[in-house]
Amino acid sequence: MKMRRYKLFLMFCMAGLCLISFLHFFKTLSYVTFPRELASLSPNLISSFFWNNAPVTPQASPEPGDPDLLRTPLYSHSPLLQPLSPSKATEELHRVDFVLPEDTTEYFVRTKAGGVCFKPGTRMLEKPSPGRTEEKTEVSEGSSARGPARRPMRHVLSSRERLGSRGTRRKWVECVCLPGWHGPSCGVPTVVQYSNLPTKERLVPREVPRRVINAININHEFDLLDVRFHELGDVVDAFVVCDSNFTAYGEPRPLKFREMLTNGTFEYIRHKVLYVFLDHFPPGGRQDGWIADDYLRTFLTQDGVSRLRNLRPDDVFIIDDADEIPARDGVLFLKLYDGWTEPFAFHMRKSLYGFFWKQPGTLEVVSGCTMDMLQAVYGLDGIRLRRRQYYTMPNFRQYENRTGHILVQWSLGSPLHFAGWHCSWCFTPEGIYFKLVSAQNGDFPRWGDYEDKRDLNYIRSLIRTGGWFDGTQQEYPPADPSEHMYAPKYLLKNYDQFRYLLENPYREPKSTVEGGRQNQGSDGRSSAVRGKLDTAEG
């Protein structure tokens, strides 16, 4: 009798374990692409995977009598930092809070036939019926026209519309996508279409855009910072920029970015900049440079997020090095769509000294997640996000269980489709010199410790040949400024201003090389010209 009870008890235990395993397996399957027919069985099941709207931090409500937020002519709907008196503007820049605005831009339009189309990615929003060509609505890339018949995407979509106009609806509602855009609503860029995202079948436009926070540590990469502001200025809602009066090596340095922020250099974007000031150097950072490197990102994240107001848990947080610039289209997708997993990375085009030395492959940088995950899993520590260790964090299982999301890291772009740019050591020779002497004491060998490596003529020779400080030479593939994703658009539009980043300033002139070829001797080239060309090629 006892044996029978034990057997019955064991059978119930095994059945329970099988049921739990099956449920977990089914939950995992929900993040793997499967037939649309199965997905369409339960719209409520799909919607349960999207974010809730509870704030991750307490929302700041304005106190009675507070002054209105300042606004600028360029961005009339975006708040500047809290107004300060002129005498305290520079003193308290690193103490003011930043109120995240709501993005009211009309990214999507609804056609008369009921379709929902992404304006910048759509050529034709509605098929005209015979004899009524006047109703044909077209939106070219970058168009900002808004007619009275176009309604903003600010209302609740039906389940059928949120599933991308599938089934029979596709027969009479159609968005014709421009090159580089995909999906039923033409809002999925190429860098997502050809990515390893496992949930492409679940992508749906959001009712309300997320806000995007981009956090950066700055040393002296001011040209690249200017490029970042122009590339992402209309899709990022807050640039959190950390400035310090110490270099990564622990030496004093002037607050150049703070000066540029207050003297009008970045006036066009100042209303979107949250200034973070690190006024100390971490203990032990001089002996172990990685302590300083990690602490910079930790302080940037914690101080910056603590001063952001009106945050929502589904807002996007992206932390970059100053020489890493994500492409606009990928960031805009994260802002406007539901259904992608986290954390996410970017496949970036790699360059050295300038965009003219294109390195093979891509740099895959894990740099983003939602604010909810940043707080719950990473503990508001940006360096943990960068290290791909979400599965070792003690709270990541609790986060999965609470949100119902399986954490699956993915990358925007691919080795063949760049989703950004990583331009390493992209300075003038003087800028490279400053980077050498400012570098942390942890990435050995520390080339700034060698006097010959700091010589400006030696640095110019490295830029000319594409060589490295250890004397090695690499065979880089040819790069042409006309190729796709050669450099951010703002650089190409201001070619003369940034010529030193787009063309090799120390490349041997073509006239000299051609003249040398014409004066070749019986051995193929004269000794003098051979010496010059060998130096150029070496």
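Glycine residues also receive a Cβ, built from the backbone N, Cα and C atoms like all the rest.
According to Swiss-Prot, the protein has these features:
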- Asn245: N-linked glycosylation site (CARBOHYD)
- Asn263: N-linked glycosylation site (CARBOHYD)
- Asn401: N-linked glycosylation site (CARBOHYD)
- 120-161: region 'Disordered' (REGION)
- 507-538: region 'Disordered' (REGION)
- 1-7: topological domain 'Cytoplasmic' (TOPO_DOM)
- 24-538: topological domain 'Lumenal' (TOPO_DOM)
- 8-23: transmembrane segment (TRANSMEM)
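Cα to Cα, Asn401 (N-linked glycosylation site) and Asn245 (N-linked glycosylation site) are separated by 43 Å. A Cα-Cα distance of 18 Å separates Asn263 (N-linked glycosylation site) from Asn245 (N-linked glycosylation site). Ranking the glycosylation sites Asn245, Asn263, Asn401 by the number of CB atoms within 10 A of their own CB puts Asn245 at the top.
DSSP assigns Asn401 (N-linked glycosylation site) to a helical segment in the three-state reduction.
In three-state terms derived from DSSP, Asn263 (N-linked glycosylation site) belongs to neither a helical nor a strand segment and is classed as coil.
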